[in-house]
Amino acid sequence: MKALQGLEEPPVLGHQGRMAKTTFSCSACGASHSRWSGRCDGCGEWNTISQDVPLSAGPAKKSLGGKRGQSITLTDLSTEETPPPRTLCGVEELDRVLGGGLVPASALLVGGDPGIGKSTLLLQAAARFSRAGVKTIYISGEEASAQVRMRARRLGLEDAPVQLAAETNLRNILTTLEAEKPGLAIIDSIQTMWADNVDSAPGSVSQVRAAAHELTTFAKRHGVSIVMVGHVTKEGQIAGPRVVEHMVDTVLYFEGERGHQFRILRAVKNRFGPADEIGVFEMTGKGLAQVTNPSALFLSERGTPSPGSAVFAGIEGTRPVLVELQALVAPSPHSQPRRTVVGWDSGRLAMILAVLEARCGVPFAGLDVYLNVAGGMKVSEPAADLAVAAALLSAREDTALPADTVVFGEISLSGALRPAPQTENRLKEAQKLGFTSAIAPAGGKTGTVAGLTLTRPSDLVGFVGETFGAG
Ligand code: TYD
Ligand code: MG
């Protein structure tokens with residue numbers, strides 16, 4: 001504190017509250033005055049003196065004040081509530097992702113990359129729901145009604161009782177919805193909507209937020225289910241669907257690789273059902289077709305077992321899904337070897353490589369590592385760890401894993417293996433698809449699955465030894 005010696009004491013702030021004295025200061029030179037005058041004595045400027053805003057007198061009149069509101073009725077947690085009636089559209093993959101059908105007066109967001117098939121999916125859904133007796137309105141802000149009609153014809157849906165409009169003015173849309181009283185309204189897309197009380201361009205964060213807020217409030221107040229489409233955007237100027245995720249009841253993402261025909265509709269948030277549920281579709285020349293047995297589809301491209309391939313028995317939402325993991329390990333020409341992952345977390349790959357190296361003595365230094373989840377699927381379960389390790393080791397040792405074997409289990413940093421949830425369901429699915437053996441960590445409830453040979457290593461070293469000899 002020595003350095004401060006000799007400095008003047010900081011000025012003490014005056015007692016607030018007790019007769020706060022009004023002061024004035026000049027905006028040109030900063031001189032303070034005890035009363036207002038037209039000309040500043042300090043600098044001689046005219047009309048530069050104004051009254052000071054008192055220092056922190058607390059938020060002035062920002063609170064609601066003392067005026068009373070109405071008291072609200074409180075209920076306890078045990079009050080009986082009839083579950084909302086749901087409408088099924090008949091496309092099982094869609095109904096399941098919705099949590100068992102469409103809930104009235106709910107707001108949904110369907111996000112996805114441009115061109116992935118959102119408009120196609122929603123037009124098909126609109127047709128289904130309208131045929132199921134829900135009055136449905138489809139409002140496109142991106143395409144002319146004629147374009148939407150053309151797509152409907154291509155999809156063979158031209159006779160579905162869906163009402164169409166091309167409009168971007170939110171006020172007009174809300175007025176129309178209020179008059180028409182539909183059960184379901186689809187807004188394609190939220191980024192093209194324009195609220196005239198917000199002073200910024202369509203697609204900006206404030207416009208997208210305002211439009212989503214208006215539509216969500218409208219949905220609740222008028223008992224309409226509103227589906228908003230949101231494009232995932234790469235550049236910052238257009239707001240992405242993330243900015244409205246917190247407002248809506250349900251958030252679905254439509255994913256897939258452009259080059260693949262598979263599309264996955266994934267529930268990332270659902271106030272009326274389980275999240276993490278997926279629906280699998282295939283993009284065909286006549287629109288999206290549902291895939292009721294995704295495991296068979298994801299494995300259909302699999303040829304004879306080859307080094308680097310492992311089948312992971314995963315769980316997506318409530319359903320087991322088998323996918324093929326493919327690894328390639330090759331000597332690296334670069335000083336820093338490559339680590340490339342498609343469909344899985346790259347941080348998790350680094351972790352598994354480190355565990356294999358530190359606990360099992362299998363080095364990957366100087367080797368490029370590529371990992372791919374076949375079919376454009378994304379896997380996020382930690383239970384895929386062991387299947388990833390199996391694919392990596394199989395690629396590195398150039399040894400194919402035993403045919404018709406599924407692998408799953410979580411790897412911890414110590415090299416121990418942890419059982420995965422729903423082990424029994426995974427095994428049943430594998431057995432159903434004709435697999436004859438499974439490698440899964442010891443522990444966990446398995447039950448007995450007929451016709452399936454189980455190998456149950458307790459740690460990674462044991463797994464490496466059993467599956468690849470001494471490693
Ligand atoms: P679209 O639904 O317009 O995508 P989004 O609304 O997400 O931007 O669909 C875009 C792609 O889907 C387009 O490239 C063509 C393809 N497609 C088909 O393969 N089959 C079809 O029956 C339809 C309607 C579209
Ligand atoms: Mg579209």
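Think of each number as a place in line: the chain as shown, counted from 1.
Backbone N, Cα and C atoms are what each Cβ position is placed from, and that goes for glycine too.
TrEMBL does not curate its annotations; it predicts them automatically.
These features come from TrEMBL:
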- 83-232: domain 'RecA family profile 1' (DOMAIN)
- GLY112, ASP113, PRO114, GLY115, ILE116, GLY117, LYS118, SER119: ATP binding site (BINDING)
- 269-273: motif 'RadA KNRFG motif' (MOTIF)
- 368-471: region 'Lon-protease-like' (REGION)
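Where TrEMBL records a feature, it is marked here on the structure.
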residue : record           : Cβ within 10 Å
GLY112  : ATP binding site : 23
ASP113  : ATP binding site : 17
PRO114  : ATP binding site : 12
GLY115  : ATP binding site : 9
ILE116  : ATP binding site : 20
GLY117  : ATP binding site : 18
LYS118  : ATP binding site : 25
SER119  : ATP binding site : 22
Environment of GLY112, ASP113, PRO114, GLY115, ILE116, GLY117, LYS118, SER119, the listed ATP site - residues of the same chain whose CB lies within 8 A of the CB centroid: HIS231, PHE254
Distant-in-sequence neighbours of the motif 'RadA KNRFG motif' (269-273), which means Cβ under 8 A and at least six residues beyond its ends: 84, 98-100, 103, 106, 245, 248-251
Number of helical, extended and coil residues in the region 'Lon-protease-like' (368-471), per DSSP: 38 helix, 22 strand, 44 coil
Annotated binding-site residues GLY112, PRO114, ILE116, SER119, filtered by Cβ under 6 Å to ligand 2: SER119
Of ASP113, PRO114, ILE116, binding-site residues neighbouring ligand 1, Cβ under 6 A: PRO114, ILE116
Per-region confidence, the region 'Lon-protease-like' (368-471) (mean pLDDT, whole number): 88
DSSP state at SER119 (ATP binding site), helix/strand/coil: helix
Helix, strand and coil totals (DSSP H, G, I; E, B; other) for the domain 'RecA family profile 1' (83-232): 62 helix, 32 strand, 56 coil
